[in-house]
Each structure stands twice: as C-alpha cells, then as structure tokens.
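Engineer: Input: one structure, supplied below.
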Amino acid sequence: MGHIQITPSILNSDFARLGEEVARIPGADWVHVDVMDNHFVPNLTFGPTMVEALARVSPIPLDAHLMIEDADRNAPAYVEAGCGSVTFHVEAAKAPVRLAREIRAAGARASMALKPATPIEPYEDLLPELDMLLIMTVEPGFGGQKFLDLCLPKIRRARAMLDKHGIETWLQVDGGVSLETIERCAEAGADVFVAGSAVYSAEDPDKMVAALRDKAAAVQA
Ligand SMILES: O=C(CO)[C@H](O)[C@H](O)COP(=O)(O)O
Ligand SMILES: [Fe+2]
C-alpha cells in the first residue's frame with residue numbers, strides 16, 4: 001500500500017474564488033477537480049479552460065476526475081490543461097488501455113474510475129496500465145452524499161488484486177469520505193482519499209486535511 005494522501009475536492013467550495021479556496025488547504029497532496037458534463041452525470045461544473053486557469057495559480061498539483069462522456073476524445077485536454085493526474089470513467093471510455101497510455105505519454109498520471117455498480121474483476125489485467133484506480137463510494141454527480149458501505153468489498157478485492165500482482169497503482173476512494181468513514185476505507189486498503197464537503201464545511205479546512213490524514217495513517221500503522 002502506498003503512503004496516505006489526502007486530495008480535497010473543490011466541488012463544494014466557492015467557485016467564484018477558486019484560487020483562494022485552494023490556498024486554504026496547503027497541507028493537501030492534490031486538489032481534486034470534478035469535471036461534469038451534464039450527460040455522464042446530471043450536473044455541470046467546468047471544462048479545460050477553467051482547469052487550466054486553476055492549474056496556473058495552484059501550488060498543489062491537480063487531480064482531475066472526469067465525469068464526462070466520450071473520455072477517449074475529451075480526456076487529453078486535461079493533461080494539456082496542466083493536471084498531474086487524469087481520471088477517466090471506464091463506463092465512458094471505448095478504449096481504456098489506449099487512453100491510459102495516451103495520458104501517460106502526454107506526461108500525467110493515468111487513472112480509471114469505477115461507479116458503485118461497476119465490478120473490478122473484468123479490469124484486473126488492465127491494472128498495470130494505471131497509476132491510480134478510483135473506486136467511487138457514492139453515485140457520481142454531487143458532493144455531500146452519504147458514503148455507500150456496499151463499495152467496501154470492492155475496495156478490498158481491488159487491494160488484493162494490486163498486492164497479488166505487486167503493482168504500485170494507488171487506490172483512491174471518492175464520495176462521502178469524512179472523519180466517520182475514512183477508517184473503513186483505509187482498513188479496506190485505500191491509500192488516496194478524496195474529501196469534499198468534509199474539508200470545505202470545516203471551519204479550518206487545512207486542519208481537517210490533517211485530521212483525516214491522521215485517522216487513515218493510524219489504520220495503516
Ligand atoms: O466525484 C465527486 C462526486 O461525483 C466528488 O469528488 C465527491 O462527491 C466529493 O464530495 P464529498 O466528499 O462531499 O462526497
Ligand atoms: Fe470526484
């Protein structure tokens with residue numbers, strides 16, 4: 001398992017002041033940017049131009065989570081926009097292996113996401129192509145939803161697969177991650193934790209980042 005990383009999602013932050021919102025989380029490892037197209041999910045956020053503007057001012061690398069149709073065609077723009085990591089949804093990709101290789105070749109970490117009802121087993125042979133696997137713990141589309149415990153067995157199975165193959169692919173969880181749920185995710189084998197509302201509804205978001213990190217690290221220790 002890799003070292004614990006906390007990646008706050010700006011989805012529930014103030015979109016009119018994104019640069020300042022990122023400056024409130026200096027202790028974060030990544031900034032998670034949720035790109036939604038109103039087709040793959042019933043919500044609309046921002047596109048590559050906004051992401052590029054944020055990448056220019058953010059001292060922390062961007063972790064793009066693309067909830068968009070036609071990932072094969074649309075994902076490379078987010079590498080060009082300056083994201084250090086680009087996650088596409090397997091449900092939206094026609095050729096995930098080709099896309100992961102393209103993202104890596106363009107200079108970003110390649111990552112693939114699974115919705116709660118998408119099984120991991122068909123993708124076991126694909127794991128070495130990925131720098132990170134994202135297992136969603138809510139149905140994608142909105143921040144502030146309740147953590148789905150039914151996703152925990154899949155996190156466990158993914159961790160077992162990665163360990164069996166000796167692959168260093170990071171295992172990220174996203175959705176409803178908070179001080180109440182992060183230990184369950186860490187116990188199941190996740191090492192990269194997205195937290196949106198938990199961080200941005202806290203009085204001191206950076207303190208919350210540290211508290212989440214401590215909880216997850218205590219499980220790993
Ligand atoms: O991908 C997402 C939603 O589709 C968000 O990253 C996620 O929901 C983060 O917000 P919260 O921690 O409030 O659940
Ligand atoms: Fe996300």
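Backbone N, Cα and C define each Cβ position, glycine as well.
No curator has checked TrEMBL annotations; they are predicted automatically.
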Engineer: According to TrEMBL, HIS32, ASP34, ASP174 bind divalent metal cation; which one of HIS65, HIS89 is annotated to that same site?
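Structural biologist: Checking HIS65, HIS89 against TrEMBL: the divalent metal cation site match is HIS65.
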Engineer: Across all chains shown, how many C-beta atoms besides its own are within 10 angstroms of the C-beta of ASP174 (active site, proton donor)?
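Structural biologist: Result for ASP174 (active site, proton donor): 26 other Cβ atoms within 10 Å.
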Engineer: Excluding HIS32, ASP34, HIS65, ASP174, please set out which residues of the same chain place their CB within 8 Å of the center of the CB atoms of the divalent metal cation site, keeping sequence order.
Structural biologist: THR7, SER9, LEU11, VAL33, ASP63, ALA64, THR87, LEU134, VAL194, GLY196
Engineer: For ASP34 (active site, proton acceptor), which residues in the same chain are close in space, meaning a Cβ under 8 Å from its Cβ, but six or more apart along the sequence?
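Structural biologist: SER9, ILE10, LEU11, THR45, HIS65, MET67, GLY143, GLY196 - these are the non-local Cβ neighbours of ASP34 (active site, proton acceptor), listed in sequence order.
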